[in-house]
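Look at TrEMBL and you will find 21-42, 79-101, 132-159, 165-187, 199-221, 293-312 tagged as transmembrane segment.
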Amino acid sequence: MTAERVVIVAKKEFADQITGWRFLVILALFLTIALVGTYSGVGSYERDLDRYAQQLATMDDRFDEPGRMMMPAKPPVEGVYSSMFRTLVSYGGLLALALGFDRVSREKESRSLKSLLSHPVYRDEIINGKALGGVALLALVVGSVLAISTALLLVFSIVPAPGDLWMILTYAGVTLLFLVTFFSIALALSTLCRESGSALLLSVVVFILLVFLVPFATANIGTALMMEEPDPAAYDGDTQSEGYQAEIAAYSKQMKVIESAVNLLSPQMAVNALIQGISNSPGATLEDTLGEIWSSVAALTIYPVAFFAVAYTRFMRMDIR
């Protein structure tokens, strides 16, 4: 395998897909969802700005009074992007599946794969090139979403601060990783199924399983196994007592374990937890943030690696006749 031939295959995949009607429809859907999410985020941001202005006015009125309020923090613009990306991932997984479910099976059906292998190119170069081309398409989608959302913010005279940029780019990165996860699932199913229709059906089944059934089942099983929430009445209402604090700490620890299990088993829950965790800890250190979201990072890393490995192994052993 040579990197040059992998890039050539990836460029061909990218060029073939970007001019196709399916990609254009999917891109239009992504942009529409992004606009809806951005508009919703702008509404929340403007309401936060109104509250911020009211707090400042209250401080001015009490300027000479002792014990006046502390200076309130101005709402960050990154909250708009957080809202937009959370809206995007609600539907993005299904759209990512639509980009990859027939990446291999369609070429098997049309026998173009057999023709491609008659050229001086190896199987591993083909499957790696297809994967790389798909990731490049998704990167283009996320970049386009980021651009159109920023343009809409500028229309509303909302300009992100330099301090918001790293968080915005992090949101974009984890969203791309989420989309790559579902693309890798579709690519693996495309190599496992003989027909594109079967690959599409299985892709939808896996989507429903990972997005709806697994989180629901995991959360309910975890809740059933959890200890009961400590009752302050058992400690005569003394919530500061050592015994009550110990029970609350144990209860909170169990709750975090359940949340981590749900995030680890569901990419949808994982990416939402990632975005929320980053959004809620703007002043936290990287070590503290990773301590809270490690299961989400693991899920969005393990899933694409595992399914790309399945696609690679299956394609290398596939009987193409």
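FYI, residue positions are counted from 1 along the chain as it appears here.
Here the Cβ of each residue, glycine as well, is placed from N, Cα and C on the backbone.
The shown structure was predicted, so the numbers you read here are calculated from the model rather than taken from an experiment.
Two recorded stretches are said to be in contact when at least 3 C-beta pairs lie under 8 angstroms, sequence spacing 6 or more; the transmembrane segment (79-101) and the transmembrane segment (165-187) meet this definition. If one looks beyond the transmembrane segment (21-42) by at least 6 residues along the same chain, the residues whose Cβ comes under 8 Å of a Cβ in the stretch are 79-88, 90-92, 95, 98-99, 137, 141, 144-145, 148-149, 152-153, 156, 158.
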